[in-house]
Amino acid sequence: MHLVLLAIGTRMPAWVTEGFNEYQKRMPPDMRLTLEEIPMPKRGKGDAGSQIRAEADALRKRLETIVKKSPGAKTVALEVNGRALDTHALSRKLGELKDVGQDLVLLVGGPDGLCPELSASAHERWSLSNLTLPHPLVRVLLAEQLYRGWTLLTGHPYHR
């Protein structure tokens, strides 16, 4: 199983890269986690809508390439209004996908969020929190929760 975090932004602070990499290296080969960064389009003055659409175009283009390599991949848009999952529910989702050999692509937008049309085209929409989270933090938080979900599936003592 392959977990792909497809995210807008390429210049993250060192703590974000270090945090993501720490959980990425803990994941087993049969549930590999990768990060695919999409460069943030140049920001115009005050037009968040066009920025979000440009980001969506870039995400969609890369997503099409991923889905060609893994036709059954499930896409999940991460957004504040998505379905809230607790750690056990996330772990069960991972287990279900792993059991059928389905890859998972998680979409993370830029500072202004995901384009509603891109979000609507995903198989599911999940929320990590009711709080508004900075998109760099989402990378670390999500990597940790994916690792924690795997530890629940395997009985690893990380989650107590």
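All residue numbers here begin at 1 and follow the chain in the order shown.
Just so you know, glycine gets a Cβ as well, placed from its N, Cα and C.
The S-adenosyl-L-methionine binding site feature in Swiss-Prot is assigned to Leu78, Gly109, Leu128, Ser129, Asn130, Leu131, Thr132, Leu133. In this structure, Leu128 (S-adenosyl-L-methionine binding site) belongs to neither helix nor strand by DSSP; it is coil.
Under the three-state DSSP scheme, Leu78 (S-adenosyl-L-methionine binding site) falls in the strand class.
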